[in-house]
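Annotation source Swiss-Prot lists ATP binding site at G221, P222, T223, N224, S225, G226, K227, T228, citing sequence analysis. Positions annotated as domain 'Helicase ATP-binding' by Swiss-Prot: 208-349. Taken from Swiss-Prot, the feature domain 'Helicase C-terminal' covers 359-523, and the record attributes it to sequence analysis. Per Swiss-Prot, transit peptide is recorded for 1-40.
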Amino acid sequence: MLLCQKPTYRLLRYSVKRYVASLYSLRGVSTRVNLIHRTYATTVAKDNIDHNDSSPVFNNNEVRFENINASIHPILLDLKNKLIKGKFDSPYTILNDQPSDVKTEIFQSFEQQLSKALSSKSTPENKITLVDYLNPTLDNISSLLHLISNNTYPNNFLEFSNLSSNNDLIMQLFTQLLHKIFLQYRIENASFEKPKVDFSNPAEWFPEARKMKRKIIMHVGPTNSGKTYNSLIKLSKSKTGYYAGPLRLLAREIYEKFNSQGIGCNLITGEEVVPSIDKYGKVSGIASGTIEMIPLHKKMDLCVIDEIQMIADPLRGSVWTNAVLGVLAHEIHLCGEESAVPFIQKMVEITGDELEIKKFNRLGKLTVEKSNTSLQQLKKGDCLVVFSKKKILKFKCDIERNTRLKVGVIYGALPPEIRSQEASKFNNGEYDVLVASDAIGMGLNLKINRIVFSGVNKFNGSTVEKLSVSQVKQIAGRAGRFSAQHGSKEGFVTALHRSSLVYIDQCLKTPVSEISKACIWPTSNIWRQYMANDPHKSSLSSVYENFLTNVLKFQSDNFFISELDQKVQLLNLVAKNRLLSTMIIDDQLTISETPINFRTSVNPKLLKNTVIKFYETIVKRDCKSILDFDFLDLELLSQNSFVGTDVMVPLQKVDKLEDMHRLVLLFLWLSQRFPTLFIDKDSAMEVKALVEKRINQELVNVERANSFFSDRSNGYEPRR
């Protein structure tokens, strides 16, 4: 047995002291700890062993324990009788209460494992320490038995262990090993509870929030009523708080606004975390971020949850529901449409929170024009609302080719940073007209004089349907935005078609229907508990699919189950791939939230292949930078801005660059969740900025090509 050098020796003595304390405290004789510690040190000193020497503490006579099985046989018989009769003392009394068949099974397992351990290579005797006597394992039991047979174990160890003989010491070691084998048996044979998730009352998913008496203040009213402004004023005066918005763009807008006013505010989105640190190195207690990133585990003074009507959205609504039910804020400000009030009132009755409702009226008049308009009649300050990217770009080309108006575009697939730039150019007059999707309905302060609907039908992902009353009001309300500098401003609404204008007028006169049910889906923590009770260890995709089959019968007056097509599609990539199918459940839960949609891509195969490579990196636990993946088209990124007359060339490049941008954002999203695997985030941010720059250049090229065509058609000199 080797004695460690001084530093390690001190650490060993401290570790042994702590371990012995825990061991003896179970037996009620913790007062012996200091005594065994002092005596062990005295024994070492008395043996005149130099602590800097690596010589053995005990003499090893190198006498083999030839008949070890015969020697321990009587002890094994005594141990078996003790187990059968239930004669074990604390802390092993749990063995006494086991059924006879369990006792027989664990003792047989113990004998088999002991026999195997004695016949296999054991821990070298000169590596055995005092800790091994206190906490034996099958790996070192052979060496321990040999040392005991030669009386080369620590002096006075029997006395301090309340033992009278070597056989008693061996019995103690065997008892500890038997107990360990029993615990392993218990884990392996534990009966699983039937996995279930209770959807009847999702408020109980958040027990910490139920311990609090929270105050909920609703700020409700139409678009352009100042409802969010008032709650942000309250947030800016709080010590700790969070603004939860529906879009990354909106979160950044609040972040920049607060910091420009000297109010420290962090930015927290799925792709990046930007802390605000004061001159003393203290991180701000206020943050602005997306609703998905709201910290449900963290107590705070105030939380602002924007666009509360999204609680009924079948795709993302569960995030709002979980936020309202689970956020640990003393004061919660919910901003949005009045349609959400009745449901929140019902929810508060369940949670026991206090509720206050503040109603706001629109700041400025909104007028529906009597007649429809045309592309040729568009004027400066107009925003043409279109419901597909392809049509948005087509309308941009048509307007620029047939008028002398400069046109900006905003749509969902466009990177948020480019959307913000396009909005700024429209607001400061660089663009005359904006062609945009319903993405303008949330966030983006735009100086729009008139909203022009191209139509009232929208593809919802599976079918084409008419815009809801709520959607029409949300979009139309963007006209005539109020500003603190210029006050209220009248807004106007019209459409390209007479039938659309009639429908819009009806919607604006119709009260918004009340939200009757909220979307729900369990949090990752709840799914971890569910999967822990799954005896089949199924893949997460099959669990979701089986789960959905069972919950089709789910009926509730207050809630409905979230749509899972996108989650299941992502998880099927994992389940159908031999390597990815070995991914642990924790990682599967994380990647099920991957923010990517293959259907909106011009090259879904590229997206899928790259996503699979990202997931393989997670399974293999590789470290990779963004340049280690092959989705970047370096030739396209390095091209100089080219001005031509064929508008399709830059449009096709925009499509490719947007797909590239999606994958860069996904890399950044994964780097936030797997920072040791997806590395060199700085390079990824530089690539992101480069892709955004190239998208902006190609949009300018579209404008130039259209201008060239327009000027030639109308007999003007081409604009430069």
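Every residue, even glycine, has its Cβ placed from backbone N, Cα and C.
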Tell me, roughly as an integer, the mean pLDDT over the domain 'Helicase ATP-binding' (208-349).
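In the predicted model, the domain 'Helicase ATP-binding' (208-349) has a mean pLDDT of 95.
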For ATP, what surrounds G221, P222, T223, N224, S225, G226, K227, T228 with a Cβ no more than 8 Å from their Cβ centroid?
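So the extra residues in range turn out to be F360, R362, L363, G477.
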So if I measure Cβ to Cβ from P222 (ATP binding site) and keep only same-chain residues at least 6 apart in sequence, which ones fall under 8 Å?
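Spatial neighbours, sequence-distant, of P222 (ATP binding site): E337, F360, N361, R362, K473, G477.
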Tell me, by DSSP, whether T228 (ATP binding site) is helix, strand or coil?
helix
For G221, G226, listed as binding-site residues, tell me which one has the smallest number of other Cβ atoms within 10 Å.
G226
Can you tell me how many other Cβ atoms are located within 10 Å of the Cβ belonging to T223 (ATP binding site)?
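Within a 10 Å radius of the Cβ of T223 (ATP binding site) lie 19 other Cβ atoms.
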Identify, in sequence order, the residues in the chain of T228 (ATP binding site) that are 6 or more apart from it along the sequence and have a CB within less than 8 Å of its CB; answer 'none' if there are none.
H219, V304, D306, C335
Looking only at Cβ atoms, how many others are within 10 Å of the one on S225 (ATP binding site)?
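Result for S225 (ATP binding site): 20 neighbouring Cβ atoms inside 10 Å.
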